[in-house]
Amino acid sequence: ADVDECASDSHQCNPTQICINTEGGYTCSCTEGYWLLEGQCLDIDECRYGYCQQLCANVPGSYSCTCNPGFTLNDDGRSCQDVNECTSENPCTQTCVNTYGSFLCRCEPGYELEADGVNCSDMDECSFSEFLCQHECVNGPGSYYCICPSGYNLLDDSRSCQDINECENRNFTCTPQQTCFNIPGEYKCLDPVRCEDPYIQINENRCMCPAENAGCRDQPFTILYRVMDMVSGRSVPSDIFQMQATTRYPGAYYIFQIKSGNEGREFYMRQTGPISATLVMTRPVKGPRTIQLDLEMITVNTVINFRGSSVIRLRIYVSQYSF
């Protein structure tokens, strides 16, 4: 009968080998994961043969496969599958975009990604430029909006402001005797012109000093009252008012000057022709402010030895804003 050397422990296999009984003898073999070399079982480095798709760790008699971050090991123990972090945990505060082995966070318009690559913070568009809004920019979550000061409406472009004409809309509180005068952002109630002695009123905005009145000898013959508006900070130099003689007499010439109201030297008269001149603003004027200038036209006629003058009393309402 055959003697089982393996069972009787009478074989010559070393401890790293396995005894396999055969008819009339036995053989020494190696377990899985080892190979026989010169009577010794040596560990097979399975990692050298690419058994794993990504990471391989060799161990005595075997090996272990693992995956890079962003992947998970499949049931075959060798291949790796991408993990969709956006569906499994969604680490982003707003929009998550899955990528192969990782993910990206994106932010909605009006937000910017923080340094951690995960969180989104509001973007302060108002700090980017002072020209986003004509008046005032208000930052909000993910956006911004423009507002206008009292007396203005926001236009359809959502950034520009347009003056509300309270006089035209009949939205004013002037008395029946007063005249509503619109200026950018507000309005003024103008009292009727009243002529001071020795002047007499010849129409609603003109006063005349009669030549036969001794008190008129050194006074302008007429005073014409005019009103205009102007935005704050208007660019300079700027032509703002025209003045000219209504009648030209033979032998006469005309001198134009600012008689009063120009203490700040913000204006001057530029003669543009024999009988005309232009009021020029030379320094920017900031509002709100009311300026009253007496613009004098002196008539000199050497033929009849005559010298006289007339005045335009110009009131300028400067608005608070530059629009």
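Each residue, glycine too, has its Cβ placed from N, Cα and C.
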Candidates Cys80, Cys96, Cys105 - disulfide partner of Cys86 as recorded in TrEMBL: Cys96
Counts of helix, strand and coil residues, the domain 'EGF-like' (82-121), according to DSSP: 4 helix, 16 strand, 20 coil
Number of helical, extended and coil residues in the domain 'EGF-like' (122-162), per DSSP: 3 helix, 16 strand, 22 coil
Surrounding residues of the domain 'EGF-like' (122-162) on its own chain - C-beta under 8 Å, 6+ positions past either end: 108-112, 184-186, 320-321, 323
Secondary structure composition of the domain 'EGF-like' (43-81) [DSSP: H/G/I, E/B, coil]: 4 helix, 16 strand, 19 coil
The domain 'EGF-like' (2-42) - residue tally per DSSP class, helix then strand then coil: 0 helix, 17 strand, 24 coil
